[in-house]
Structures are given as structure tokens and as C-alpha cells.
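Okay, structure first, notes after.
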Amino acid sequence: MRALPATAGRGAVACAAAPVPRRSLLLSTAAAGVALNAEQLPLRLTGGAAAKIRASADAAQAVTFTSTDDALAWTNKDNRRLLHVVYRVGDLDKTIKFYTECLGMKVLRKRDIPEEKYTNAFLGYGPEDSHFAIELTYSYGVDKYDIGAGFGHFGIGVNDVAKTVELVRAKGGKVTREPGPVKGGKTVIAFVEDPDGYKFEILERPGTPEPLCQVMLRVGDLDRAISFYEKACGMELLRKRDNPEYKYTVAMMGYGPEEKNAVLELTYNYGVSEYAKGNAYAQIAIGTDDVYKTAEVVKLFGGQVVREPGPLPGISTKITAILDPDGWKSVPGSRCLSTTLTLPRSWSSL
């Protein structure tokens with residue numbers, strides 16, 4: 001088996017400026033409550049297909065906001081939802097077994113693409129049109145990835161943290177923090193690792209409608225990151241907490257109360273301005289009503305568009321791909337809401 005080259009060691013905390021991996025936030029017109037189809041998206045867009053997309057995008061009506069206030073007003077009205085998070089694993093069957101048996105997830109769908117030499121699996125706690133999901137990507141022959149120091153963890157809300165930890169341990173999983181109150185608070189948490197080394201924070205949150213509740217990423221300038229996600233992505237700052245004793249600050253960003261919705265947890269460690277991102281974590285997909293306007297707003301508020309907005313070949317789904325100021329990727333996407341949508345085969349190469 002071969003391993004992909006790592007950009008930095010797993011134990012690294014910070015690094016000198018390094019090329020930003022083209023893995024990000026995917027935005028599609030699969031707006032809140034709507035999903036996109038896995039069979040419909042080719043892994044790579046090259047040659048004639050790419051040219052058609054560019055031509056179609058060029059032909060689209062130019063988006064012009066009269067002011068930044070106009071742009072902000074549109075963003076706040078846009079119909080958005082966190083759709084799924086994408087990352088790479090070295091043994092898909094082993095990972096699926098851990099997530100289903102230890103964390104209680106269900107396999108929502110799975111698709112093998114032999115001509116492109118990869119397999120996708122979507123897992124979660126409910127239908128993709130109403131729940132946040134995980135997209136696992138396995139590339140043939142690649143059994144190891146570097147998670148890097150920038151990615152933090154995923155959050156899972158459960159009824160009983162202690163019982164979940166006991167189950168993980170009984171199944172041979174790795175427990176890295178025993179159950180107990182969070183530092184400086186009362187919420188009972190624990191930390192476990194999956195077979196690839198991705199960390200999961202287990203939170204005691206009985207009866208939560210969205211068990212897959214957090215994606216934590218580290219940023220080098222928290223105020224800058226908060227401003228970007230508020231203005232460019234239309235998220236709300238749900239809460240912010242400084243922990244001077246432990247020299248870090250966290251901010252919860254999202255599209256609704258964190259007790260009922262998946263949120264983005266941004267963490268700033270005092271004095272650390274850059275992180276090695278590795279090659280394992282890919283991006284978050286976000287639903288939006290209009291990818292063209294979304295891309296324009298992102299440019300206005302300091303983000304980078306790494307895939308210009310436009311339709312995918314042969315279908316009405318439209319996407320764009322953006323980087324936040326720290327280089328984290330998102331992919332917004334949209335499509336005519338009168339059509340039933342499902343997620344594309346793989347967002348991770350966009």
C-alpha cells in the first residue's frame with residue numbers, strides 16, 4: 001500500500017507558510033433541506049467538461065451588489081444549511097464498522113467508482129435532506145493520510161457519555177480522554193479516536209435531534225475568521241468563550257442553535273497564527289440558494305474562490321468552492337428546488 005505525501009508531521013502545532021491544499025468549503029444549490037446526487041458528479045472536471053462549465057459561468061448574468069450592506073442583506077436572507085463534511089480514510093470498511101458499532105451511525109449510501117479508483121460512503125444519524133452527514137472517501141491503494149495540526153475534532157452528542165466510552169473501549173477503540181466535566185464547565189465529555197486517528201468529542205446531550213453536532217478547526221486569527229463566516233457565509237456567532245488559563249479561545253458558528261444543529265467550532269490558540277493542514281481533511285459542503293451571489297460575497301469579504309460558480313456537466317446542480325482566510329475550504333452549492341437532489345459522488349477533488 002502507498003501513503004500520500006504529508007505536508008507536515010501529525011505532531012506539529014504550527015508551521016511556516018505552506019501551500020494551501022485545494023480542499024475546502026463546497027457550496028452548492030442543494031439548499032437547506034435538499035441534498036445532491038452521488039451518481040451525477042465526475043471526480044475531476046477537465047478538458048471539454050471544464051470548458052463547458054467556464055463558458056456557462058461566463059454566460060451567466062453578472063452579479064453586482066450596490067454596496068456591502070446590500071451583500072450582507074442578501075447573505076442573511078439566503079437559505080443555508082451545513083450539509084456534510086468530507087474527509088479521507090485508509091480503510092473504508094474498518095472505519096464504517098467503527099462508526100456504526102461504536103458511534104451508532106447508519107450507512108446512508110455507498111458507491112464504488114472503479115474507473116476513478118475510489119469509493120464513497122455517507123454516514124450519519126438521519127436523512128441527508130435534514131441532517132448533517134459524513135462523507136468518507138477511500139482512494140484505491142492509499143492506506144494512510146496526514147491529519148495535520150489544523151483539524152481538531154468532530155463532535156457527537158449522546159445520551160450517556162460513559163456508556164459510549166465503554167462501548168468504544170470494548171470494541172477495541174482508543175479513548176484519549178475519560179468521561180468528565182469539560183474544563184471550566186459542567187457538560188460531561190470524553191474524547192475517542194477512530195481507526196485513522198480522527199478525534200471525536202463525545203458530549204452528553206440527551207435527546208438531541210442532531211447527534212453529529214460539531215466540526216472543530218483551528219484558526220490563526222479568530223476575529224478575522226468570525227467576521228468571514230458571519231459576512232461571507234451568513235453564519236451566526238452562537239457563543240464565544242475565552243480560556244486564558246489554558247491559553248485558547250473558541251467560537252461557535254452556525255445556522256441555528258447548537259442544541260439542534262451542527263456547528264463549526266473555531267479555536268484560536270494564543271500565539272499560533274498558522275497550522276499544517278495535512279492531506280486528510282477535505283471540506284464542508286453548505287447549501288445555498290445562489291452560488292453566483294455566494295461567490296461574489298465571498299470575494300467582497302476576504303475569501304478566495306478556487307472554483308468559479310457554475311453548473312456541473314449535464315445537470316442543473318451549480319457549485320462553487322471557496323477558501324476562508326485560514327485556507328479552510330467550503331463548497332456551496334445550489335439547484336432548482338423543484339427537483340429532487342442528492343449529493344455528488346465526491347466533493348473532495350473540487
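Counting begins at 1 with the first residue displayed.
Using N, Cα and C of the backbone, Cβ positions are placed for all residues, glycine too.
As annotated by TrEMBL, active site, proton donor/acceptor applies to Glu201. For Glu201 (active site, proton donor/acceptor), the count of additional Cβ atoms within 10 Å of its Cβ stands at 21 [all protein chains shown].
The Zn(2+) binding site feature in TrEMBL is assigned to Glu135, His153, Glu201. Take the CB of Glu135 (Zn(2+) binding site) and look out to 10 A: across all protein chains shown you find 28 other CB atoms.
Per DSSP, the domain 'VOC' (81-205) is made up of 20 helix, 59 strand, 46 coil. Under the heading domain 'VOC', TrEMBL lists 81-205 (among others).
If you average pLDDT over the domain 'VOC' (211-335) in this model, you get 94. Residues or ranges marked as domain 'VOC' by TrEMBL: 211-335 (among others).
As a summary of secondary structure, the domain 'VOC' (211-335) carries 20 helix, 56 strand, 49 coil according to DSSP. Spacing of Glu135 (Zn(2+) binding site) relative to Glu201 (active site, proton donor/acceptor) is 18 Å (Cα to Cα, whole number). Using a 10 Å radius centred on the Cβ of His153 (Zn(2+) binding site) and all shown protein chains, the other Cβ atoms total 20. If you measure from the Cα atom of His153 (Zn(2+) binding site) to that of Glu201 (active site, proton donor/acceptor), you get 7 Å.
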